[in-house]
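Below you will find the structure I want to go over with you.
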């Protein structure tokens, strides 16, 4: 079954290069077109319309060192009007609240009070969201400059520092193994000095299939990596590269390219077959060994190819070989290469590839699986990352490291150098804790129905934070300074130039070798030194992976990745900013990394639930922005406060969206008088937030579709996901028990040739119920409004109020349109069906209302109206006040 699952996702990994969608256009840019001179001129012209260079100040320290990146700011003709409109809206909000207080609705005080509290929170959350956006900054790495300074052609020896690459995975089915091997292959083939980087795969499931897949990767990499270097291949994940139908050739031996391409593609197809068959191969081998050994206890072990039992999780799990109960494992699959290039052999009868001018060395590759024992909280991904941090310190100890989810691959082979431009820049590079790249995704449907690309956040909010202390850490595609992960202070806040760790040994555990490695790991000029796995080192590695190693230490709080929170990424970045470190947002073309997003509605909502639940956990923890301390930039603090409180707004949005329930059973309700002035204020305030949005669309270079999808999915989340997150948080505060969020599955459930088949799969969970209720209520409200207009007469005051209320309900339905398509399943392929269903439903409700009113005259409703607050009323639009 597992092998069949892997086969089903093969088609889903391909990147289409045809089509006119924004996603397709982005794929074309990310596969070489953006490197062409024409494309660069176009991109520069676009930047010149919005961005202008900042005058660089005096360079601290050695002024002879060249600057490694350029800083750009938004042109004054765009930025100043943008800030002015923000100020105007703030003034309008204050005037609106003063006016509402002076015109209190005394006939329905409870309703007016609820509305007022909701509007105040909308205004407060808008201020939290808007203030950090006042100074967007773009920083552009200069890869040519870093090559000139750190890789001089004369000596031939690179002076770039070492990089450890961390990849995490858990389950070979939920996180398909083909994604993982493509990620590893792209890392091994990246354009960075081979001896300067090492790759670590952390398999938290402890499965033999991942370990043996790494040996298959190592064998195929001997062909794939030289092929990439010889022909300047982009991207360097084979599944994604071969999935692109057409792309310009960037190498220098075009006459050999087609022949090499055909042979490598054939080899890759055979490689996939071997990966696909690993499940069956391991099972059959283990059955054969178990029959041969014929154990009386009936326990069936899982056997490795060398005839020894696998120390991790067995296929048929037994004591000490279960998920969550097995020994730690460290296996060096590829040893650290020599420092001298090793050229390949010329073409021959036995070897059709001419690699005589190509360096065939491969970076170090390590498989590890930490120890798991019952009774321990293993802290999910954060725990695995901290184990990799310690293990890598003994094996390679690079001063910089970068982490990936197993479904992300390197799309631009220059991305490591791009990050180094910020880490090594003479201005303030040594105080930079991490460089965050945007997350870009393949295989998102052309209309991006569920806002998977999230461009408003990645290209808007992150650029804004770049003008403060820096972007937040977003979980994957992030390069770190090892010293910052150890909890050390940045140089500008340090009492001395040296780093003292001897007096703090208890903070890092009892491993002497690990403690001794820390000073070298904190030195940004340190390269990777090969380590021989002697018995002492092996024993120390085993100790570093034990469950009890962190007991009684600050690991998971002040050292490494932070524990006991669903959003360990944001909180870990928060800790570094609180210490005074800065971060940089780096967006390059082609995109540095690309990954896979869950395009199924349920999986997407569960993903957002984990993020929003983790945000609330952050607010109610020691990582609260109010406790940040004086080293954090004031507006950076505001940004973190917004990140940790935004789900609370759901209380008021849900109340507004369900408010039509009250006027379905009554004639009219008032929220505010005089009605004309109230509507005028709302129109001005809502219009101004859309004007501000259009400025952000301009300077963030996003599309109107991106902005609209962001608004729609915000409403979908606010009606279903955020209420669930708030409920979880309340239960945690009452019971004291942590929140468990399920891992987002990257596995498609649809077995189809349709690339977007998973988009139409419906998996019903309670999370969908609140949003369905909002849909039903607002459809009914539109029907009732039409019925009222038909009953009273279109030109009566009551009918006009009903129609105005209906405008709000229609707006809610437009925002929930992607959700409605999602729950329709396969019918969602034809949006016209949804329109017909809505018209029929609204018409049915309107006819029922007219009929009901004919049977029961209006006098029968007056008592109900009086009991609920005697008034005429209109529903207010929440609008993100």
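Just so it is clear, glycine is given a Cβ too, placed from its N, Cα and C backbone atoms.
What TrEMBL says about a protein is an automatic prediction, not a curated fact.
Residues or ranges marked as active site in TrEMBL: 204, 569. Taken from TrEMBL, the feature UDP-alpha-D-glucose binding site applies to 175, 204, 380. Sequence annotations record features per position, and here TrEMBL assigns Mn(2+) binding site to 381, 405. Taken from TrEMBL, the feature transmembrane segment applies to 82-101, 108-128, 646-666, 678-701, 713-734, 764-787, 799-820, 832-852.
Context for these features, please: burial, neighbours, distances.
Residues within less than 8 Å, Cβ to Cβ, of residue 204 (active site) and separated from it by at least 6 positions along the same chain comprise 168, 169, 170, 369, 370, 378, 380, 381, 384.
Cβ-based neighbour count (10 Å, all protein chains) for residue 405 (Mn(2+) binding site) stands at 22.
Listed as Cβ neighbours of the transmembrane segment (713-734) (distance under 8 Å, sequence separation of 6 or more from its ends, same chain) are residues 450-451, 605, 608-609, 612-613, 615-617, 620, 646-651, 653-654, 657, 766-771, 774, 812, 815-816, 818-819.
Long-range contacts of the transmembrane segment (764-787) within its own chain (CB-CB distance under 8 A, at least 6 residues past either end) are made by residues 602, 605-606, 609, 654, 657-658, 660-661, 663-664, 716, 719-721, 723-724, 802-803, 805-806, 809-810, 812-813, 816, 819-820, 823, 838, 841-850, 853, 875.
Within the same chain, residues 779-780, 782-784, 786-788, 790-791, 813, 817, 820-821, 824 sit at least 6 positions outside the transmembrane segment (832-852) and bring their C-beta atoms closer than 8 Å to a C-beta of that stretch.
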Count the other Cβ atoms sitting within 10 Å of the Cβ of residue 381 (Mn(2+) binding site), across every protein chain shown.
20
Give me the count of other Cβ atoms within 10 A of the Cβ belonging to residue 380 (UDP-alpha-D-glucose binding site).
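Excluding its own Cβ, residue 380 (UDP-alpha-D-glucose binding site) sees 18 Cβ atoms within 10 Å.
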Tell me the Cα distance separating residue 405 (Mn(2+) binding site) from residue 569 (active site), rounded to the nearest angstrom.
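One finds 12 Å between the Cα atoms of these residues.
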